[in-house]
Amino acid sequence: MAQCTQLSRNSQERNKTCSNVRSPVQQRRQGRIRAGRSLPRARSMAAKMQSMNEHVAALLDVTCADDADEENRSLYRTAIDAVKRASDMCHGVQRGLAEEDTKAKQDDSPVTIADYAAQAVIALTLMQNSKGGSENVRLVAEEDANELRDGGRLTEAVANLVRTAMDDGELTNAQVCDAIDVGLYEGGDQGGNFWVLDPIDGTRGFVGRRQYAVCLGYVDAKTGDVLLGVLGCPNLPFRGGDVMRLSDGQEGLDSVLAAEARSEQGVAGSVFFAAKGKGTYVGPLDGSAPFVAIGAKARQSEEDAPPAFMESYDARHSDHSFSGVVASTIFDGKSAPPPLRVDSQCKYGLLAMGGIADIYMRFPPSKYREKIWDHVAGICVVEEAGGVVSDAKGRKLRVNEGRFLPEDLGGGICAGSSQSWHGRLVDAIAVAAAATQK
Ligand SMILES: Nc1ncnc2c1ncn2[C@@H]1O[C@H](COP(=O)(O)O)[C@@H](OP(=O)(O)O)[C@H]1O
Ligand SMILES: [Mg+2]
């Protein structure tokens, strides 16, 4: 386990695959785990499933090397399996999304058949694998089944997606609705540890054919620490865990990436996995290569501006002009990096990967209450890669006080790829806020 954490922190070792790290358990299984083997192009679904299972087994051997980790092994496997199933389903839906597959919620944000179906698929997967029985799954999730209970076209479309993804033609529409409503748990520090799910984070990006993420985390109810985070990012191409190259075009990088992942060649999307004390890893969603340990590599000289800073794609979600002021403040007098605007918690995955952006800022409208599912999985992914996520004043995000984050976030949320970048960011936000009286 120590080996693994070290691997994720050491930039020179970054591109070693999990299969290169030999835990005792792994050595026993070595016959069937081979790193970096090339696979034939046209692979059957069964072959893809098998190699994904092998790569997940290798990841679990590294992150759960001790016998004491048996419970974690099952928890981690379930989380990856759930996110992968939902991500595959979403990827298929995005390609052919029709106008009638999307509805506006009361707050005018969109919800699609894929948001509902992904939540049902993940809830059902958690229930099937729950040691304490399906009725003991505690899940705080974004959607509810209110709009689906009366039946109709939307309900049928959602239920069909779930039946296919779960390979269970017997599931009734009512069972699908019940599975969605498992996500109504209130969270907080009074019960046991709980799951937190955003079935599609960045639904606007999903509808706009850009980035989105399926985000599942597991929270220690007492401490509010995030114990596990998995991000399925179907439109973020997996490039061996290496950083995105800016030659892809700074402007519109997001849509370039999304187009590549949607292309006929079928470039695989990415799945990020992080667990407390075990590091952060990324692998291809189609199982075509092993997971790779990643650690956000802070720039050697922090005097140099990173290639970009990250923020929401949508200006309704975050004040773009204020983050521009903060970016200029950090690089006082020197040219500030340009923004990279990306939908969803893909931003947290990119920050963990390093090399493209060292800071992420989010300044929502003052009346907006941030929800825990928009951050929980990403917090673990960034922190285990050596970064820090906090509110705009540098305070830990309290994710065990209910479905929302506390009202007072000091103006927003910020993240750095290292403690040092995070510290500079928090200082710059304070200076910029004073200068603009924000
Ligand atoms: N006015 C607003 N201010 C801040 N965040 C908002 C918002 N309206 C919606 N959001 C949140 O922003 C999330 C997308 O994040 P990002 O801006 O990083 O892409 C949305 O997630 P969903 O798409 O799951 O609803 C939603 O929860
Ligand atoms: Mg969502």
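Cβ coordinates are placed from backbone N, Cα and C, and glycine is handled just like the others.
TrEMBL does not curate its annotations; it predicts them automatically.
TrEMBL lists Glu142, Asp198, Ile200, Asp201, Asp374 with the feature Mg(2+) binding site. Under the heading compositional bias 'Polar residues', TrEMBL lists 1-10. What TrEMBL records for 1-41 is region 'Disordered'.
Sequence features annotated in TrEMBL and their locations in the structure.
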| residue | record | Cβ neighbours (10 Å) |
| --- | --- | --- |
| Glu142 | Mg(2+) binding site | 25 |
| Asp198 | Mg(2+) binding site | 31 |
| Ile200 | Mg(2+) binding site | 31 |
| Asp201 | Mg(2+) binding site | 30 |
| Asp374 | Mg(2+) binding site | 21 |
Chain-mates of Glu142, Asp198, Ile200, Asp201, Asp374 with C-beta within 8 Å of site centroid, Mg(2+): Asp115, Leu197, Pro199, Gly202, Thr203, Ala213, Cys215, Ser344, Gln345, Lys371, Trp373
Reduced DSSP assignment, Glu142 (Mg(2+) binding site): coil
In three-state DSSP terms, the structure that Asp198 (Mg(2+) binding site) belongs to: strand
